[in-house]
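Here's the structure we're looking at; comments come further down.
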Amino acid sequence: MATSASSHLNKGIKQMYMSLPQGEKVQAMYIWVDGTGEGLRCKTRTLDCEPKCVEELPEWNFDGSSTFQSESSNSDMYLSPVAMFRDPFRKEPNKLVFCEVFKYNQKPAETNLRHTCKRIMDMVSNQHPWFGMEQEYTLLGTDGHPFGWPSDGFPGPQGLYYCGVGADKAYRRDIMEAHYRACLYAGVKITGTYAEVKHAQWEFQIGPCEGIRMGDHLWVARFILHRVCKDFGVIATFDSKPIPGNWNGAGCHTNFSTKTMREENGLKHIKEAIEKLSKRHRYHIRAYDPKGGLDNARRLTGFHKTSNINDFSAGVADRSASIRIPRTVGQEKKGYFEARCPSANCDPFAVTEAIVRTCLLNETGDQPFQYKN
């Protein structure tokens with residue numbers, strides 16, 4: 001089982017320095033989505049005092065030609081802070097700062113999907129859209145092999161590992177526990193976690209978050225996971241089908257509700273939203289992974305608890321459907337529905353924006369509507 005060389009270094013030496021006092025100064029780590037639409041980058045600056053809100057944080061810049069976001073001849077890109085969290089690695093008063101990215105002309109970068117999403121969420125704020133996203137991931141060794149899998153074969157068949165207990169059923173629970181606690185410390189709205197169906201696969205849930213905050217919290221939770229995995233010397237992949245063959249893929253099931261859906265007889269509004277989604281399936285498939293559906297084509301096969309990528313379906317307690325209505329929601333006739341098609345490597349801003357456009361703004365067709373300022 002290959003782990004990184006840095007994970008074998010003496011961590012006690014680092015702690016000797018991390019315990020030094022830092023006076024009134026604060027380290028703020030700025031985090032952003034790079035030009036791939038999947039990767040995260042970060043850099044740290046020193047502030048003279050602890051910021052009390054995100055508005056007190058200064059804008060910054062970076063070399064976009066090194067992150068697939070600009071040409072080297074015009075490489076300066078701008079970081080605009082939009083969300084602030086406690087830093088679980090350096091601890092208080094230090095901060096994690098999630099940022100939007102803007103070009104030299106102050107237009108949003110191509111992978112800054114938050115900018116448009118924020119505008120769409122503001123348009124429906126009176127409906128109080130809530131989201132919860134279930135982030136699946138697979139642990140790999142530094143050689144790209146699933147962590148804990150035999151080097152020359154496969155583990156036992158699926159069925160033993162979901163919510164599994166024991167060294168032969170749940171690999172690297174310590175990573176999950178460290179990530180969970182780090183998210184709680186940071187103020188990320190993490191609500192649960194468990195071992196998934198495939199060996200070395202885990203899931204954590206973020207939410208419920210209202211509107212734009214869903215994407216902020218999920219991206220920062222992903223960042224924290226990558227940092228935790230680095231300390232343990234392994235890799236977390238959000239690939240939608242990291243292991244070909246008879247193994248589960250990885251999704252990011254997205255739960256959605258509005259105020260009216262959560263109220264008495266809200267099931268009526270849930271069914272109306274599902275009907276709208278059924279007429280716009282191709283648009284949503286394109287929005288549900290960063291490659292416009294190509295990643296999900298490997299995952300949404302109609303097998304391994306997925307629907308077929310080409311067909312829309314919905315049902316109560318049906319995990320092979322595009323949309324699942326939880327049984328308790330069907331019984332209570334109010335609550336939420338689960339969109340099961342988003343891939344594990346989706347951009348949460350793209351997913352939540354698409355759902356709102358179709359379900360609340362009543363858009364139709366294969367392209368998003370362009371609203372005037």
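Cβ coordinates come from backbone N, Cα and C, glycine included.
Residues annotated as N-acetylalanine in Swiss-Prot: A2. The N6-acetyllysine feature in Swiss-Prot is assigned to K11, K14. According to Swiss-Prot, the domain 'GS beta-grasp' annotation covers 24-106, on the basis of sequence analysis. Feature annotation from Swiss-Prot assigns phosphotyrosine to Y104; the stated evidence is similarity to another entry. Here Swiss-Prot flags 113-373 as domain 'GS catalytic', drawing on sequence analysis. Positions annotated as Mn(2+) 1 binding site by Swiss-Prot, on the basis of similarity to another entry: E134, H253, E338. The feature ATP binding site is assigned by Swiss-Prot to E134, E203, F204, Q205, I206, G207, P208, N255, F256, S257, R319, R324, with similarity to another entry given as support. Positions annotated as Mn(2+) 2 binding site by Swiss-Prot: E136, E196, E203. According to Swiss-Prot, the feature L-glutamate binding site maps to N246, W247, R319, R340, an assignment based on similarity to another entry. The ADP binding site annotation in Swiss-Prot covers Y336, F337, E338 and is backed by similarity to another entry. Here Swiss-Prot flags S343 as phosphoserine.
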Determine the Cβ neighbour count for E136 (Mn(2+) 2 binding site): the number of other Cβ atoms within 10 Å of its Cβ.
21
Tally of DSSP helical, extended and coil residues in the domain 'GS beta-grasp' (24-106):
9 helix, 39 strand, 35 coil
On average, what pLDDT score does this prediction assign to the domain 'GS beta-grasp' (24-106)?
97
With a 10 Å radius around each C-beta, find which of these recorded positions (N246, S343) has the fewest other C-beta atoms nearby.
N246
List every residue in the same chain as R319 (ATP binding site), at least 6 positions away in sequence, whose Cβ is under 8 Å from its Cβ.
K305, R340
List the residues of the same chain that sit at least 6 positions away from E203 (Mn(2+) 2 binding site) in sequence and have their Cβ under 8 Å from its Cβ, in sequence order, or write 'none'.
E134, Q135, E136, Y137, T193, Y194, E196
Listed recorded positions among A2, W247, Y336, S343 whose Cα sits within 10 Å of H253 (Mn(2+) 1 binding site):
S343
Any idea what the Cα distance is from P208 (ATP binding site) over to E338 (Mn(2+) 1 binding site), rounded to a whole Å?
13
Relative to the Cα of I206 (ATP binding site), which of the recorded positions K11, K14, N246, E338 has the closest Cα?
E338
When you average the Cβ positions of E134, H253, E338 for the Mn(2+) 1 site, which other residues in that chain have a Cβ within 8 Å of that mean position?
G132, M133, G251, C252, T254, N255, R324, A339, R340
In whole Å, how far is E338 (Mn(2+) 1 binding site) from K11 (N6-acetyllysine) when you measure between their Cα atoms?
42
Out of A2, K14, N246, F256, the recorded positions in the record, which is closest to E338 (Mn(2+) 1 binding site) when you go by Cα distance?
F256
Most Cβ neighbours inside 10 Å, all chains, among the binding-site residues F204, Y336:
F204
Please identify, among the recorded positions K14, Y104, N246, F256, S343, the one with the smallest Cα-Cα distance to F337 (ADP binding site).
F256
